[in-house]
């Protein structure tokens, strides 16, 4: 997320001191400019637009109000901005110290816009009272007119300032809620902010027009003067209303656009998404919810990855899609068994670390070959591997794929893992494939005569060259293109059987 209005992408790069200084400086500058603009608009309305009662020296009144406005702005208003900047700096001390805030500090930090706007409202209210009293000494109606105009202008200006500060404070909010969640808005919600925006940005200026009409009853003003005043006030109301609504809309749209981009990345499978909480309204709750969702998806992917590494990707996908339960199903499958020669002697003459490295090199080749031929590594048993074709996923030619994998292992293992020698056996037939164990601990496995035969043949293959022996019956179930790559290797009576088993070996 990289737009200027989204602090999430930069909050890790910028130091806490920089974020605090930026918030205080830009906030103070925004307040100063907003209040200056508001004061100019109010003065212009009072001096040149609004009608004055009869008998009032307009020139003298303008000079008096200008002097009063300059004195008030130069002392109280400027002092209020400076005081507000110091207050904001104190509220952001934790940010300068590069630490997480406690609950009280977090609450104070996210309420900086509200505190600043409330302070400005109080100062404008004090100004309205002061101007009303001073002008009321000349005429009561003039005092009421000036006081209400200053008050309405001040409330509208404070609303604009509040919306500006909410935007500037987003980086602070993101830092304040870093590593934390949000389940309910800690402050005013979207509805309250919308009502406030309309009331103070549009409603009050319109109320000013209504009050002007009421005051005009007690003033001897011409139609032209009244029309000009209403026209200018109407334009002012439209301008301030549009400005505040645009600020409100931007404040809602910017985080929602950033959130939409994050959701698009998540939909594409990109879980490396950072969704900071930049709002204290319901939007912030939504941002926190998306963050929790991403964390859950990341955890799910980690579990799925671990699950797949332990039981195999195909078994994991089947379990996730169909669920897991005790029991199994009968199906045709080919079993390949690979067993290391003299692993006991290897362990006796090598360190455990060396044995582990050798076995991992051995297993890496086996897994690569099995995967390349569409099989599933069912389990690692010490220094042996059982691979299966046809379970849990169906295979077009399980026998042929198992034979091709056995041939490749017979060629690669002596070359790539020279320190070890292994025997490989293959058999095929009906097996029971499913979950074995208890309800709290399951293992996917295949059980049946082909597995036992493959295990016996791998033991015999250790003394054979090449060290690969398969049940010749597998060739009858394999693709002819693969079957012709094998030759007769005699027959043998396997342990537990009464009849001989014909054998084959790579040509």
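Heads up, the Cβ atoms here are built off N, Cα and C, so glycines get one too.
If you look up TrEMBL, you'll see 23-51 (among others) marked as transmembrane segment.
Residues 24, 27-28, 31-32, 35-36, 39, 43, 46-47, 115-116, 119-120, 123, 126-127, 130-131, 134-135, 146 of the same chain lie 6 or more positions beyond the ends of the transmembrane segment (63-85) yet place their CB under 8 Å from a CB of it. What TrEMBL records for 63-85 (among others) is transmembrane segment.
Sequence-distant contacts of the transmembrane segment (108-134), counting only residues of its own chain at least 6 positions beyond either end whose CB sits under 8 Å from a CB of the stretch, comprise 23, 27, 31, 35, 38, 64-65, 68, 72, 76-77, 80, 83-84, 87-88, 91-92, 94-95, 101, 143-144, 146-148, 150-151, 153-155, 157-159, 161-162, 165-166, 168-169, 172-173, 176, 186-188, 280. Look at TrEMBL and you will find 108-134 (among others) tagged as transmembrane segment.
Annotated transmembrane segment per TrEMBL: 146-169 (among others), in sequence order. For the transmembrane segment (146-169), the residues of the chain that approach it from at least six positions outside its boundaries are 5, 23, 26-27, 30-31, 34-35, 37-39, 41-42, 45-46, 50, 65, 110, 112-114, 116-118, 120-121, 123-125, 127-129, 131-132, 135-136, 196-197, 200-201, 204-205, 207-208, 211, 240, 243-244, 247-248, 250-251, 254, judged by C-beta separation under 8 angstroms.
With a cut-off of 8 Å between Cβ atoms, the residues of this chain six or more beyond the transmembrane segment (190-214) that come close are 50, 148-149, 152, 155-156, 158-160, 162-163, 229-230, 233-234, 236-237, 240-241, 243-245, 247-248, 251-252, 281-283. Feature annotation from TrEMBL assigns transmembrane segment to 190-214 (among others).
Annotation comment: TrEMBL describes 226-249 (among others) as transmembrane segment.
Taken from TrEMBL, the feature domain 'HAMP' applies to 250-302.
Residues annotated as domain 'Guanylate cyclase' in TrEMBL: 334-458.
The domain 'HAMP' (250-302): residue composition by secondary structure is 39 helix, 0 strand, 14 coil, according to DSSP. A mean pLDDT of 88 is what the model gives for the domain 'HAMP' (250-302).
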